[in-house]
Amino acid sequence: GDLPICGETCFEGGNCRIPGCTCVWPFCSKN
């Protein structure tokens, strides 16, 4: 159950594994 990294698919409101990335559906992106 690892969190997605930048560039991977995520769910709205979800978290990303790497600090400085946020979930902007449908992908984790750098802030």
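Quick reminder: no glycine exception, Cβ is built from N, Cα and C everywhere.
Positions annotated as disulfide bond by Swiss-Prot: C6-C21, C10-C23, C16-C28.
Proximity note: of the listed disulfide-bonded residues (C16, C21, C28), C16, C28 have a CA within 10 Å of the CA of C10 (disulfide bond), given in sequence order. The Cβ of C23 (disulfide bond) has 19 neighbouring Cβ atoms from other residues within 10 Å, across all protein chains displayed. Neighbour density at the Cβ, taken as the number of other Cβ atoms within 10 Å, is lowest among the disulfide-bonded residues C6, C16, C21, C28 for C6. Cα spacing between C21 (disulfide bond) and C28 (disulfide bond): 6 Å, rounded to the nearest whole number.
When the Cα atoms are compared, C28 (disulfide bond) and C6 (disulfide bond) turn out to be 5 Å apart.
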